[in-house]
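Annotated domain '2Fe-2S ferredoxin-type' per Swiss-Prot: 2-83, in sequence order, evidence recorded as sequence analysis. The annotation [2Fe-2S] cluster binding site is assigned in Swiss-Prot to Cys34, Cys45, Cys48, Cys67. The annotation domain '4Fe-4S His(Cys)3-ligated-type' is assigned in Swiss-Prot to 83-122 on the grounds of sequence analysis. Here Swiss-Prot flags His99, Cys103, Cys106, Cys112 as [4Fe-4S] cluster 1 binding site, drawing on sequence analysis. Look at Swiss-Prot and you will find Cys151, Cys154, Cys157, Cys201 tagged as [4Fe-4S] cluster 2 binding site, backed by similarity to another entry. As annotated by Swiss-Prot, domain '4Fe-4S Mo/W bis-MGD-type' applies to 221-277. According to Swiss-Prot, the [4Fe-4S] cluster 3 binding site annotation covers Cys228, Cys231, Cys235, Cys263, on the basis of sequence analysis.
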Amino acid sequence: MAKIYVDSKIYNVNESDNLLQACLSVGINIPYFCWHPLLGSLGACRQCAVTQYDNFQDRKGRLIMSCMTPVTDGAIISIKSTESEVFRSAIVELLLTNHPHDCPVCEEGGHCHLQDMTVMVKHSMRNYRFKKRTHKNQYLGPFIKHEMNRCIACYRCVRYYNEYADGVDFGVYGSNNNVYFGRIEDGVLESEHSGNLIELCPTGVFTDKTHSKKYNRKWDMQYAPGICHNCSVGCNISIGERYGEIRRIENRYHENINHYLICDLGRFGYSHTNLNTRPKKPTYVNKYNDLNVLNFNEAIKIGVDFFKRYKRVIGVGSARSSIENNFALQELVGKENFSNGMSNKEKECIKSILEFLKNNYIYIPSLKEIESYDVILVLGEDLTQTSSRVALAVRQAVKKKVQDIKNLYGIPKWNTSSNIHISEKFKNSLYIMHTHESKLDDISEWSYFASIDKQVNLASSIAYEIDKSSPKVSNLDSELKEKVLLISDRLISSKKTLIISGSHSFSDSIIKASINIAKAIKFRAPDHHVGVTLLTSSVNSLGAELLGGMSIESALDDLKKEKADAVIFMEYDLYRSVSEYDCEYFFKNKDNIITLDHQYTQTFKKSMLSLPSTNFTESSGTVINFEGRAQRFFQVYDPNFYDKSNCLCDSWKWLHTIKSKINNTEICWFNLDDVINSYAEKYSIFKQIKTNELNSNLRIHGQKISRSPIRSSGRTSLRSNIDVHEPCQPKDINTMFAFSMEGYNQPNSSVSNIPFAWFPGWNSPQAWNKFQVEVGRNLISGDSGIHIFKKYEKKTDVYSNIVLKNSIKEKYWNIIPYYHLFGNEELTQYSSIIQENTPLEYALIGLSDAIKMGLKKDSIVEFNCLKKDYCLPVQVSKYLTEKQIGLPIGRKGFPLALVGEKIEFL
C-alpha cells in the first residue's frame, strides 16, 4: 500500500494502480472517458486531469493525466485546484462541440456516462455556435443501433472489439477531429460479444436495438438480479422490466465469473419471455377432445384425480429448471419414479463430471481464473458456440504472456498502450481437439481435427506420455507421436495448465480422457498447478443430476412396458430429446400426461392437463454452474399483477399443492425458503445453499431491497388503462426484494445480489465502481454464489476403463453435433429475433467426402435416420474426417437422440 495526499487528506491506496483508479477506489470522483477497469489506460481523452505538486512547498504544481500516472508513495495531488477544474470543464466542452443536443431522444439518456461526467465538471453552457460535424450511421445488425454523431472518440469500442475480443470486422477510420468507428461497410458484427459495446461506450453511439423497440428510461424499470439460463457458465445479469415485459438485460458485475462482459445470446435472447402466445391459463382436454380453460382450483382438482387414478406416475424434470422445481417433482412422484430428463449418453457425461467435482483435489477454476493459465488444452468442445464467455476468457489467457513481458520490464498492468505491439510476438499456448473447425483456431498453436474416438486416443496418448499408469494407446502415426511429445512437454513445463472439455459431444470417454491428463500431470508433478473445466449443456445440469433419477430412455421404457401408468413433464419437451417417431407413438394416448411449462412446446400441446408455469424472470430459484457454484436468480415481476386473469405459478407451487391435496395435509411450503430447507435437509450436498444472506427475512436498516430506482415514475398509472384505482403492489414473500422503489438500494456488505447499479451522480454502468472494494476488483459484499463441493485432498486413480478404438474404415455415416450460438439453445429458439438470426439448417460434410460424392456448397443431400426423412443443403468442412456428418442437434426436428446414430445411405 502507498500513502498519497489528495486535497490535504491522506489516503492509503494500492501502489499497483494508477492515480485515477486509486482515487476512484477510495471514493474520490474524477471524471474520465477513455479509461475502463477492463481495458486499462490510454490517455486519449485528457479528461482525468489533476494537479500534482512536487512537495508541500510547491504552490503551482503541474497538470497530469491521472490515468497515465502511477501511484507513488507520498504523491501530492489536487482535484479541486482551479487549474484542473477549468481544464476538465474545457475538455468536456470541446468533446461536446460536435455532440448533438439529443439527450431527450437518445436511448442512452438516464444511464449515460457522458451526462454524468458533464454534470460532474459543472459544464452547463455551450459556447460553440458553428455547424457540427455529421456522419452517416451504419447498419450493424439486428441487435445494435449505431449513431456515430454522438461519438467523443474515447477509443473504448475499438480497444475492446479488436484488442480484447479479437474482432476483425470493426475499426477506426479517418484522422484528427474526423474519425469514424464502425465497419468498412454495413453488416452484422461478427463477434459473439459485440453487445458489450453498448455498455462500454460512454455515450449513445452503440445502443440496444431490442430495447429501443419498446423503450423505457433506466429509472422507470423494475430490476432483479438474475442468472443467464442459456449455458452452464451462469453469468450474472440484471434484468429490467416494465408493464409486465422484459425490456432489457445488462451485465451484472461478478468478479470471478463474467465481471464486465456477457455474450450476445445472454444479452439479447430474452424475447421468448414476452411472447403473447405463451400459456397463461391451465387447460384440460376431456374425453371428447374438447379443450377447456380452467381456474387454479379446477386445475388442482384434476391433477389430484389424475394421481389417484394411476398407480405409478413417472415424473420427468428438466436441467433448464431450478433445483426447487425438480425437487418438488421428485417429492410428488417419489425418488424411484423421478427422471431428470437426460439421455443415457448425457447422464453418463454428467455423472463423470460430478464424480470429478466431488473428488476435486485438482483445481476447478472460475471463469475469470481461466484467463490466468498459460497452456490450455481444449478437447471435444466448440467453446465459441456452446459456452461463448469461456471462449472469450481463453482468448485473454492466450494474450496473458503480454502481461508477463510487461512485468519483466516494469510496465504497469493498467498501461495497455504497449499491449498490441507485444501481443503480436508473444502468446501463450492453446491446443484444440475437435471434429471440425472452430472460431478459436485463429489463436490455436495446433488444432487436431478427428472423430471423437480418435480424439480420445490422442488425449489418452498424452496422458500416457506424462504418466505411464494411464491407459496405453497403440497405432499412432509418427506425426501424431511428435505432437503428443510436444503437447505433453508443454503441459508439464508450464506454470499453470488448464484442461477444458464437456458434455456437448455426448462422449463420456472424452471427459474421462481429459481428467486423466490432469491426473497424470499431478502424479508426475504434485506441485504443478493444473486446472480442469468441464462444461455442461444446460444451466442446471449438475443440480438436476445431484437429485438423481433415471434417464429419459428408462422412463419411456417403463411406460411402454406398462411398468408405469402415466407421466408428468415439468418444463421438459420430449421432442427435443427423443425421435419424432417415438414421440408420436408415445403421444397416441394423451389421457395419462400432465405437462408444466412456460412455452407452448410440442409436448405441452399434446397433454391432457397443461399447467402454465413461470419462467426464470418471473420466479426465483437456484441453479448450479459448471464449477459447482450454486447461484440464486430472483423474480423480476409478478406476471399476475398486470393481468388478473392469468393463472401462472411457479412449478414447485403447482406440484406441492397437488401433493398436499392428495395426502390431505396442510401446505407446508409457503415460500422459497421452505423448499430450500426441505431439500437441504434431505440432501447434505445442498446444506450450504441455506444461507442467511439470501433469506427472505433479510432486512437492511429495517427495509427490503428495492427493485426500482428511487426516481421510478408512473407507478400509480401502470394499470390505469384497465382500472383507475391503483391496486396494492404485490408482496414478495420469497425473497428480500420489494416490488417498489421504496427500500434500500445503496452498496452494502450484506448484499451481493444487486438488482441494478446506481449511485448518486453515477447513472451509467460505471456505477459498479461504487459497489466494489477497489475499482475493478471484488464487490463490497463479496461475490454471490456458494461452492457446494469441498476441496478434496486424496488423490484418485486414473480412469482405466476408457474404451480406446483402433482406426478402422467406417462403413456408415456417423452423426456428430455442430452448434451455433444462435439456434441450438432450447428456449431462445422461441425468441423471434433469435430465429431471424439463426443460420439455416445444413448438413456438414468433410471435403474429401464431398469430392468423392460430387457435392459442393448448397448441394442437397437426403437420408433417413430414426425413421424420419431429412433433406438438407450441404456445407463443406475442410477438416471434417471421412464418414462424419454434422447436424444441428437441438434444433426443432433434430433431437439429441441423433448423436452417434449411423446413416446407411446418403
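Quick reminder: no glycine exception, Cβ is built from N, Cα and C everywhere.
A map of Swiss-Prot features onto the structure.
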residue: Cys34; record: [2Fe-2S] cluster binding site; CB count, 10 Å: 23
residue: Cys48; record: [2Fe-2S] cluster binding site; CB count, 10 Å: 29
residue: Cys67; record: [2Fe-2S] cluster binding site; CB count, 10 Å: 27
residue: His99; record: [4Fe-4S] cluster 1 binding site; CB count, 10 Å: 21
residue: Cys103; record: [4Fe-4S] cluster 1 binding site; CB count, 10 Å: 16
residue: Cys112; record: [4Fe-4S] cluster 1 binding site; CB count, 10 Å: 21
residue: Cys157; record: [4Fe-4S] cluster 2 binding site; CB count, 10 Å: 23
residue: Cys228; record: [4Fe-4S] cluster 3 binding site; CB count, 10 Å: 29
residue: Cys235; record: [4Fe-4S] cluster 3 binding site; CB count, 10 Å: 26
residue: Cys263; record: [4Fe-4S] cluster 3 binding site; CB count, 10 Å: 28
(message) Radius 10 Å, atoms counted are CB only; among the binding-site residues Cys106, Cys151, which position scores highest?
(response) Cys151
(message) Nearest by CA distance to Cys231 ([4Fe-4S] cluster 3 binding site): which of the binding-site residues is it, out of Cys67, His99, Cys103, Cys154?
(response) Cys154
(request) Check the Cα-Cα distances from Cys106 ([4Fe-4S] cluster 1 binding site) to the binding-site residues Cys228, Cys235, Cys263 and tell me which is shortest. (result) Cys263
(message) Considering Cα atoms only, can you say which of His99, Cys154, Cys201 is the nearest neighbour of Cys48 ([2Fe-2S] cluster binding site) among these binding-site residues?
(response) Cys154
(request) Select the closest residue to Cys157 ([4Fe-4S] cluster 2 binding site) from the following binding-site residues, measuring between CA atoms: Cys34, His99, Cys112, Cys228, Cys263. (result) Cys34
(request) Could you measure between Cys45 ([2Fe-2S] cluster binding site) and Cys151 ([4Fe-4S] cluster 2 binding site) for me? Cα positions, answer in whole angstrom. (result) 12
(request) Compile a sequence-ordered list of residues in the same chain as Cys201 ([4Fe-4S] cluster 2 binding site), six or more apart from it, whose Cβ lies below 8 A from its Cβ; state 'none' when nothing qualifies. (result) Arg156, Cys157
(message) Around the C-beta of Cys154 ([4Fe-4S] cluster 2 binding site), how many further C-beta atoms are within 10 angstroms, looking at every protein chain?
(response) 26
(message) I'm trying to understand the geometry here, so how far is the Cα atom of Cys154 ([4Fe-4S] cluster 2 binding site) from the Cα atom of Cys34 ([2Fe-2S] cluster binding site), in Å to the nearest whole number?
(response) 5
(message) What's the number of neighbouring CB atoms sitting within 10 A of the CB on Cys231 ([4Fe-4S] cluster 3 binding site)?
(response) 26
(request) List the Cα distance (Å, whole number) between Cys235 ([4Fe-4S] cluster 3 binding site) and Cys112 ([4Fe-4S] cluster 1 binding site). (result) 24
(message) Quick check: which same-chain residues outside Cys228, Cys231, Cys235, Cys263 lie with their CB within 8 A of the centre of the [4Fe-4S] cluster 3 site CB atoms?
(response) Asn230, Val233, Gly234, Ile237, Asn258, Ile262, Leu265, Gly266, Ser387, Ser388, Arg389
(message) Can you tell me how many other Cβ atoms are located within 10 Å of the Cβ belonging to Cys45 ([2Fe-2S] cluster binding site)?
(response) 24
(message) Can you give me the average pLDDT across the domain '2Fe-2S ferredoxin-type' (2-83), rounded to a whole number?
(response) 94
(message) Quick check: which same-chain residues outside Cys34, Cys45, Cys48, Cys67 lie with their CB within 8 A of the centre of the [2Fe-2S] cluster site CB atoms?
(response) Leu20, Tyr32, Phe33, Trp35, Ser41, Leu42, Gly43, Ala44, Arg46, Gln47, Met65, Ser66, Met68, Cys154
(message) Around the [4Fe-4S] cluster 1 site formed by His99, Cys103, Cys106, Cys112, list the extra residues of the same chain whose Cβ is within 8 Å of the site's Cβ centroid.
(response) Pro100, Asp102, Glu108, Gly109, Leu114, Gln115, Arg150, Thr203, Gly204
(request) Please classify the secondary structure at Cys103 ([4Fe-4S] cluster 1 binding site) using three-state DSSP. (result) helix
